[in-house]
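Summarising the annotation, Swiss-Prot assigns [4Fe-4S] cluster binding site to CYS574, CYS583 and lists sequence analysis as the type of evidence. Among the features that Swiss-Prot reports, chlorophyll a' binding site is placed at HIS676, with the record citing sequence analysis. For MET684, TYR692, the entry in Swiss-Prot reads chlorophyll a binding site. Residues annotated as phylloquinone binding site in Swiss-Prot, with sequence analysis given as evidence: TRP693. Annotation comment: Swiss-Prot describes 72-95, 158-181, 197-221, 293-311, 348-371, 387-413, 435-457, 532-550, 590-611, 665-687, 725-745 as transmembrane segment, evidence class sequence analysis.
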Amino acid sequence: MTISPPEREAKAKVSVDNNPVPTSFEKWGKPGHFDRTLARGPKTTTWIWNLHANAHDFDSQTSDLEDVSRKIFSAHFGHLAVVFVWLSGMYFHGAKFSNYEGWLADPTHIKPSAQVVWPIVGQGILNGDVGGGFHGIQITSGLFYLWRASGFTDSYQLYCTAIGGLVMAALMLFAGWFHYHVKAPKLEWFQNVESMMNHHLAGLLGLGSLGWAGHQIHVSMPINKLLDAGVAPKDIPLPHEFILEPSKMAELYPSFAQGLTPFFTLNWGVYSDFLTFKGGLNPVTGGLWLSDTAHHHLAIAVLFIIAGHMYRTNWGIGHSMKEILEAHKGPFTGEGHKGLYEILTTSWHAQLAINLALLGSLTIIVAQHMYAMPPYPYQAIDYATQLSLFTHHMWIGGFLIVGAGAHGAIFMVRDYDPAKNVNNLLDRMLRHRDAIISHLNWVCIFLGFHSFGLYIHNDTMRALGRPQDMFSDTAIQLQPIFAQWVQHLHTLAPGATAPNALATASYAFGGETIAVAGKVAMMPITLGTADFMVHHIHAFTIHVTALILLKGVLYARSSRLVPDKANLGFRFPCDGPGRGGTCQVSGWDHVFLGLFWMYNSLSIVIFHFSWKMQSDVWGTVSPDGSVTHVTLGNFAQSAITINGWLRDFLWAQAANVINSYGSALSAYGIMFLAGHFVFAFSLMFLFSGRGYWQELIESIVWAHNKLNVAPAIQPRALSIIQGRAVGVAHYLLGGIVTTWAFFLARSLSIG
């Protein structure tokens with residue numbers, strides 16, 4: 001950290017342009033107003049595709065970085081408005097159409113529902129009996145559990161929150177308009193990274209966490225403590241009563257009687273009745289202890305508020321981001337991070353790529369924590385919700401990581417300047433990209449052949465009736481010894497590395513079985529040969545996804561095959577006529593291929609999770625403590641062959657969706673069929689060339705001309721890239737809908 005003389009650096013200040021862009025509904029009402037060519041209107045059907053492709057591609061509309069920055073900033077507010085409207089709708093459904101109050105009174109016997117279908121032509125069958133005399137569609141978003149943890153005790157509070165969401169949405173829409181049309185920040189404001197870091201760290205993350213910790217302590221915890229003790233929701237004081245009448249809090253948490261005295265006398269241990277370090281799960285609800293999560297958010301708040309004072313703005317003290325980056329040199333890394341500051345303040349694609357990679361990874365980590373450490377009350381015994389939350393967060397994370405590859409490649413094509421990056425880390429990566437990609441390719445081949453080979457071996461041995469020669473827990477063992485060691489370490493943590501904790505962070509590592517209402521909430525997950533094998537399939541598919549995305553970024557500007565890629569742009573079908581064998585080399589095509597492998601990777605991950613949990617975790621607990629799992633522990637012996645995966649997982653568990661006709665789950669049956677249809681439809685776009693369709697169209701146009709009904713707008717076949725885009729979109733949509741129907745019909749049947 002350096003203390004700088006005040007005259008050396010420009011002062012950070014808020015600088016705006018007043019009324020830079022007029023508000024014109026007349027202009028906005030004209031399709032394609034953002035692009036001179038598109039604004040002329042359609043001559044061919046390609047126009048509508050280009051309209052969609054370029055509407056949000058601000059780089060194609062202007063080369064002025066300041067204007068692009070303002071458009072992105074304004075779009076962020078628009079996005080937040082959409083999020084608030086969406087959230088408001090969720091809360092409104094909870095208030096108006098749900099059985100939340102009934103569920104709250106009996107959460108272990110009544111299932112959550114927030115949608116009742118109108119019986120127009122017999123759809124009333126979808127309204128299943130969820131208990132307590134309520135008929136509706138069972139929901140698996142986990143919102144009821146979140147609401148209970150937040151301290152909602154009746155539908156009126158949900159209504160109020162829904163209205164609050166709409167107010168916030170209106171505010172965001174206004175802000176988006178205001179900061180583009182009335183007071184638009186100058187470029188230097190967007191590039192003032194130190195102020196941004198301080199604001200985001202201390203303000204958004206620090207004070208945001210502090211506010212949430214405050215809500216948890218003053219509202220959530222007292223209400224949940226009373227609910228856990230069996231007090232009826234209508235008899236629980238309202239949230240503001242706990243805040244205005246400290247005596248009500250002191251009855252539940254005695255330290256409240258002492259007020260702030262222990263805080264200012266540094267006698268903080270007094271507060272350990274509501275800021276705890278227990279570990280494990282609350283045995284009543286199967287969720288994390290709210291006093292642990294409040295403590296966690298308070299600690300996070302302290303850390304981030306401190307972190308938000310690290311960067312130098314107008315007071316001559318603190319870090320400069322540019323200095324940190326330029327000082328970051330290793331013995332073998334040349335100029336190190338020199339030049340990266342300029343990249344990250346002038347290329348929003350580079351910035352976005354890094355943020356997407358980090359946020360995508362974080363989202364996947366969230367997926368793992370949602371079941372290992374279920375944060376909300378009663379969430380852990382709703383198996384359909386647990387499966388839905390895991391799948392949802394895995395897929396979202398996957399899309400974000402592919403997005404990182406996409407924007408990394410766009411940065412390389414549009415924003416990278418080789419002359420400004422000489423011998424820094426980025427330049428050095430690009431210069432030894434062949435070594436990186438060829439090694440990664442070798443790793444993929446090694447993992448692919450070996451992991452798949454283990455399955456092929458097992459299928460063959462089982463077919464030949466030689467179980468003693470198979471890789472399994474009962475024959476040739478391949479135990480995941482490192483994973484077991486990590487589990488053991490975490491199980492021993494209470495009393496060793498975390499001496500004040502009462503239980504391990506997650507019972508997935510080891511410890512006891514937590515049962516709520518006779519169902520397993522969480523228990524130790526034993527790992528064996530079957531897990532070892534499928535984990536190497538995960539390693540294989542993840543490395544292939546990384547290979548495709550990384551190759552797309554590193555070869556986005558040039559390759560031996562197409563040296564002038566940078567001139568061709570981010571997306572192009574082939575290197576022009578007369579150069580065969582140069583298709584699918586653009587940055588866009590790598591994203592296109594990366595999406596398939598991302599989907600491939602995550603399908604195996606969610607299948608593994610679904611079967612493993614049903615086999616070895618989820619189930620019923622009898623009074624003597626013995627556990628009966630949903631699929632009776634068949635994972636260890638069935639998941640070691642390909643045939644086992646096909647027969648005992650896909651086929652056996654598809655019974656619920658295939659046989660759903662005539663039941664409340666029948667919507668999943670039709671979605672299962674529709675998903676397969678959409679998937680098959682995608683292959684029509686992926687497996688046929690543009691010429692086929694152009695020929696067909698010209699024949700159809702000829703017929704129209706014969707009948708004098710020729711269209712004014714000339715029909716054109718989709719371009720090669722457009723066809724691929726439509727293909728991959730339907731491939732993923734069809735696959736996701738099929739998996740959704742398969743998982744939900746299955747998990748709602750066992751729930």
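Backbone N, Cα and C define each Cβ position, glycine as well.
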*Round to a whole number and give the Cα-to-Cα distance in Å for the pair TYR692 (chlorophyll a binding site) and CYS583 ([4Fe-4S] cluster binding site).*
17
*asked:* Neighbour count, 10 Å Cβ-Cβ cut-off, for CYS583 ([4Fe-4S] cluster binding site): what number do you get?
replied: 13
*Taking the transmembrane segment (387-413) as the reference, which of 72-95, 435-457, 590-611, 665-687 gives the largest number of Cβ pairs under 8 angstroms?*
590-611
*Distance between CYS583 ([4Fe-4S] cluster binding site) and MET684 (chlorophyll a binding site) at the Cα atoms, whole Å?*
19
*Compared by Cα position, which of the binding-site residues CYS574, HIS676, TRP693 is the closest one to MET684 (chlorophyll a binding site)?*
TRP693
*Would you mind listing the long-range same-chain contacts of the transmembrane segment (293-311), meaning Cβ under 8 Å and 6+ residues beyond its ends?*
193-195, 197-203, 205-207, 209-210, 212-213, 216-217, 220-221, 274-277, 318-321, 375
*Cβ packing number for HIS676 (chlorophyll a' binding site), 10 Å threshold*: 15
*What residue among the binding-site residues TYR692, TRP693 has the most other CB atoms lying within 10 A of its CB?*
TRP693
*Express the distance between the Cα positions of HIS676 (chlorophyll a' binding site) and CYS574 ([4Fe-4S] cluster binding site) as a whole number of Å.*
31
*Select the most exposed residue of CYS574, MET684, where exposure means the fewest other Cβ atoms within 10 Å, treating these as the binding-site residues.*
MET684
*Could you give the Cα-Cα distance between CYS574 ([4Fe-4S] cluster binding site) and TRP693 (phylloquinone binding site), in whole Å?*
19
